Structures are given as C-alpha cells and as structure tokens.
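**Student:** The structure's right below; bear with me while I get my questions together.
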Amino acid sequence: MSHLSGKMEKSDVKFEDRFDKYLDPSFFQHRIHWFSIFNSFMMVIFLVGLVSMILMRTLRKDYARYSKEEEMDDMDRDLGDEYGWKQVHGDVFRPSSHPLIFSSLIGSGCQIFAVSLIVIIVAMIEDLYTERGSMLSTAIFVYAATSPVNGYFGGSLYARQGGRRWIKQMFIGAFLIPAMVCGTAFFINFIAIYYHASRAIPFGTMVAVCCICFFVILPLNLVGTILGRNLSGQPNFPCRVNAVPRPIPEKKWFMEPAVIVCLGGILPFGSIFIEMYFIFTSFWAYKIYYVYGFMMLVLVILCIVTVCVTIVCTYFLLNAEDYRWQWTSFLSAASTAIYVYMYSFYYYFFKTKMYGLFQTSFYFGYMAVFSTALGIMCGAIGYMGTSAFVRKIYTNVKID
C-alpha cells in the first residue's frame, strides 16, 4: 500500500467513551438477561419465604414438643417417643471428619468470596475491561491482599474443632487455590509450548507468581491464622459434646447425605446459569463483559439461595438424627460446581467452534479451575449460614 495518507480525522467521540464501540449492549442488556435476573430474584423471595415459613412453623412445633417433654416426669419421658433433631444435641458439635482439610476449604472459600466481592465492586467503579489483563492483575492483587481472611476463618475453625497441627493447616489453606491454578496453568502451558501458541505463559511470570505465593500470601495467611486462633479459636458450643458418638439410625434413601449433596446444587445452579452463559461468552467468544452490576446481583442471589438450600438440607438431616452436617452442608452447596462444569460441556459442544487438543485442554482445564473455585466458595457460604442456624436452634433448646 503506497498511498498512505497522514491525514488525521477529528472525532466527536469523547476519549473516555471511545471504548464503547467494542461493547455489545444488545447482547448483554438483552431482555433475556433482565428476565433471568428477575426470575432468580423471584426464586430468592420464594425460597427465603419457604425456608422461614417451614423453619418457623416446624421449629415452633418442635420447641413446643420439647418443652412439653421437659414437664413430664422421668417415667413418662422414658415411655415418650423422643425423636428429631434434639436427640443429636450431644453430637452435633462434634468435630467434622478430616478437620484439617475441612477448615482449609472453608478458609479458602471465604477468601474466594471476599475476592469476588471486591473485584466486582472495583470493576463496577473502574472500567477494568478497557485494558487487557487488568481484570486478572486486579484479581491476583486482591487475592494476595485478602490472604488474612483465609487464615482467620480456616485457623479459627480448625482451633475450634480441636486441631493440633495448625501450621500444616495454614500451609494447606494458603496453597490450596494457588496450587490448583498453577498446576492447571503449567499443564496447559506445556501443551501451549508444544503448539508454539501465543497463549504460553512466560517463565518470568511463573516465577513472579511463585514469589507472590511464598512472600506475600503465606506471611499474610500466618497473620490471619494467629488472629483467628486467638480471637475466635475457643470452642464455645451451646451443648456439651458426648464422649461416645451415638449410632446413626437407619433412614429413607433420600435422607442419605450422598443424595442430599447431589440435589443441593440444583437450585443455586438454576439461579446463576443464565449469567454463566454471558460470562462464558465473554470469556470464550471475545465479547467484552461489562455489566458488573448484574454480576453483583447474581452473586448476592447465589449466596442467599445457597444458604437457604443448605439450611433446609441440614434441618432434614438433623431431623433424621444424622449429625454429620458439616461436610453435608459444605458439599451440598459445593455440588453447584458439578452442574456448572456439566453446563460447560454443553457450551463447548454447542456454542463454541473450538477443536483440537490445545483448545480443548485449554477450555476444560480453565473451566475446571473456575468450577472448583466456585464450588469451594459456595460450600463455604453454605457451611457458614448453616453453622449459624445450627448454633441458633440448639441455643434455644433446654437440655438437661
């Protein structure tokens, strides 16, 4: 091309609005998007109403029954049919199995939640989409800075459950998510180098990430763990824990923890899955995602739905006199991740035109990381809500 003219055209578009032509308002502000948010919102109102109604009515009935039993003399009480969640009061605050892994997961989930919240708020205030990689660098910075959150919640929970190896717990909590992300990135990187792809991560970047892990995340996590252990590490349960665990009675198949876990993720997934479509499309189909207000709403909806669902699941479980509620509440909320990952398969085969080993491993590798992180976050939210609920109902019961 020889006839390059050096003529500059004056543009009427303001400098800060220049990026707008790359945005696709008709895609993101589509009626379906608004409708899905409205739909999810109705589901939240319905669920919260349902949970509060069920729990208010049944708990009131339970409390009335238990206080009536209090007034009976010992002879009548022995003949009375004691059943329900009050029976497991001596076991409900027993430490979960594998407390080390459990508290590390809860700590990590709280941290991911804090990161999601802060990054979305920053993205709503600043236009992070205008520069490539600014979203990722913000997320990494916020993740490193919120490490004390992980240490605090993980460390205090581990101490309350009577854990002794707190340094090991701190290391696992600090490196759980970074190890998962870096492991996946390294694996995909080998394939990228083999294909000479531009997506290969430079060696310098990898070293920098490792330095952040050891010199920023670990010390901050240590600070959080020490604070958590000292400020809220004392086991202050409303009921005494029995020395011998009581046997768990036989129950119907749908009351088994495994079934509850599988069903628990359906409603939280239902409340976010249309938003997932928009997020996937912005990630894999080069649309620029900029409607962070929607994302904030969806995060709030997801939290409320998750807490409601896990509280109901836990109530049924405790009523069946099964006191293994900690892992059940975590996993029933975390199973949302399985549904998101299954949805990513549908998205890959029907919505993208990807093919070949490199693109497939890139897609499924990073979707696995995304789904797992989402699952850990939902699990922690579910457990935190349920924990408050369990503590509340057992505080109000008179136990001899």
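Cβ coordinates come from backbone N, Cα and C, glycine included.
As annotated in TrEMBL:
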{"type": "TRANSMEM", "residues": "32-55", "note": "transmembrane segment"}
{"type": "TRANSMEM", "residues": "100-125", "note": "transmembrane segment"}
{"type": "TRANSMEM", "residues": "137-159", "note": "transmembrane segment"}
{"type": "TRANSMEM", "residues": "171-195", "note": "transmembrane segment"}
{"type": "TRANSMEM", "residues": "201-223", "note": "transmembrane segment"}
{"type": "TRANSMEM", "residues": "258-280", "note": "transmembrane segment"}
{"type": "TRANSMEM", "residues": "292-318", "note": "transmembrane segment"}
{"type": "TRANSMEM", "residues": "330-350", "note": "transmembrane segment"}
{"type": "TRANSMEM", "residues": "362-384", "note": "transmembrane segment"}
**Student:** Tell me if the transmembrane segment (330-350) touches the transmembrane segment (32-55). I count contact as 3 or more CB pairs below 8 A, with pairs 6 or more residues apart.
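**Tutor:** Output no: the transmembrane segment (32-55) is apart from the transmembrane segment (330-350).
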**Student:** Ranking 100-125, 171-195, 258-280, 292-318 by Cβ pairs under 8 Å to the transmembrane segment (330-350), which is first?
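**Tutor:** Selected stretch: 258-280, with the most Cβ pairs under 8 Å.
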**Student:** Counting only pairs 6 or more apart in sequence, are there at least 3 Cβ pairs under 8 Å between the transmembrane segment (258-280) and the transmembrane segment (292-318)?
**Tutor:** yes
**Student:** Taking a Cβ cut-off under 8 Å, which residues six or more beyond the ends of the transmembrane segment (292-318) line up next to it in the same chain?
**Tutor:** 28, 33, 37, 40-41, 43-44, 47-48, 50-51, 54-55, 58, 85, 88, 92, 113, 116-117, 120-121, 123-124, 255, 257, 260, 263-264, 267-268, 271-272, 275, 278-279, 324-325, 328-329, 332-333, 336, 378, 381-386, 389-390
**Student:** Do at least three C-beta pairs under 8 angstroms join the transmembrane segment (100-125) to the transmembrane segment (362-384), pairs 6 or more apart in sequence?
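**Tutor:** Yes; at least 3 Cβ pairs under 8 Å.
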**Student:** Looking at the stretches 171-195, 201-223, 362-384, which one shares the most CB pairs under 8 Å with the transmembrane segment (137-159)?
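**Tutor:** By Cβ pairs under 8 Å, 201-223 leads among 171-195, 201-223, 362-384.
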**Student:** Against which stretches of its own chain does the transmembrane segment (201-223) lie, if we need a Cβ under 8 Å and a gap of at least six residues from its ends?
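**Tutor:** For the transmembrane segment (201-223), the list is 140, 143-145, 147-148, 150-151, 170-171, 173-175, 178, 182, 185-186, 189, 192.
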